[in-house]
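*Asks:* Quick one: structure below, then a few questions.
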Amino acid sequence: MNALIWLRNQILLSNKNLSVQILLPFMLVLLYKNFMEASGMKLMFVCLSMAISMSIGMTISTMIAEEKEKNMLKTLLLSGVRYHEYILSVLIHPLILTVITLILFPVMTDANLEGIYIEYIAVMFLTTVAVMLINMCIGLLSDTQSKAQINGLPITFIVALLPMFSLAKEGVATVVSYTFMGAYTDFFIETNFSMSDNSIKILLLWNVILIVLTVLAIKKSKVIVTDKK
């Protein structure tokens with residue numbers, strides 16, 4: 001496992017595009033705050049979804065696809081690394097990024113979360129897990145890094161922009177309420193948001209479905225890699 005973590009560190013340090021991808025949402029927060037005088041919950045509503053989709057989600061699909069493209073995954077499995085160890089190692093850095101993001105964003109945006117810390121942590125963590133699972137499926141089912149980026153682009157746009165689009169039209173808001181971004185949107189928009197809201201139940205259901213799909217993607221990817229041996 002230590003060798004796998006070291007490999008992840010090397011990928012993050014050597015892949016400049018990935019580094020920019022991770023830092024971009026944080027830079028956007030500073031840009032909006034210092035040059036457009038935006039702050040508070042509205043700023044976090046706009047930028048946090050970008051961080052979840054780009055800094056955390058796309059990092060997973062990009063790393064997995066890059067390792068498949070360079071035959072690193074095949075080499076790791078041939079050297080005795082178990083597949084579940086590989087999957088766990090993929091999640092370590094995104095989980096660390098999740099913790100850092102959820103701590104830094106309220107501070108950077110000057111958002112007031114008094115009295116809603118539990119709801120904030122629960123909603124954002126579950127939403128992030130859903131995005132991570134989707135991107136893991138994309139990475140596992142994509143042969144190359146470029147394919148993973150192309151396949152993941154619609155998801156990135158959905159996660160980053162769909163909450164904002166829900167403010168423009170009631171019809172879009174209805175669609176969003178049935179997606180894994182529904183609880184995220186309600187948290188920022190609804191004044192009386194609580195953990196008993198339907199959007200939380202829908203988000204939990206999405207996570208269950210995505211876990212099943214991820215397991216199937218892992219099995220399919222494992223078979224493909226095994227056949228290539």
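Glycine is no exception: its Cβ is also placed from the backbone N, Cα and C atoms.
Curation plays no part in TrEMBL annotations; they are all automatic predictions.
The domain 'ABC-2 type transporter transmembrane' annotation in TrEMBL covers 9-217. Per TrEMBL, transmembrane segment is recorded for 12-31, 43-65, 86-108, 120-141, 153-180, 200-218.
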*Asks:* Could you give the residue numbers and ranges of same-chain residues that sit at least 6 residues beyond the transmembrane segment (120-141) on either side and whose C-beta is under 8 angstroms from one of its C-beta atoms?
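*Replies:* Residues packing against the transmembrane segment (120-141) from afar: 48, 52-53, 56-65, 68, 87, 90-91, 94, 98, 102, 106, 113, 148, 151-152, 155, 159, 180-181, 183-184, 187, 195, 200, 203-204, 206-207, 210-211, 213-214, 217-218, 220-221.
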*Asks:* Please figure out which one of 43-65, 86-108, 153-180 racks up the most CB pairs under 8 Å against the transmembrane segment (12-31).
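*Replies:* If we count Cβ pairs closer than 8 Å to the transmembrane segment (12-31), 43-65 scores highest.
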*Asks:* Could you give the residue numbers and ranges of same-chain residues that sit at least 6 residues beyond the transmembrane segment (153-180) on either side and whose C-beta is under 8 angstroms from one of its C-beta atoms?
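*Replies:* Residues 45-46, 49-50, 52-54, 57-58, 127, 130-131, 134-135, 138, 186, 188-189, 198-199, 202-203, 206-207, 210 contact the transmembrane segment (153-180) from elsewhere in the chain.
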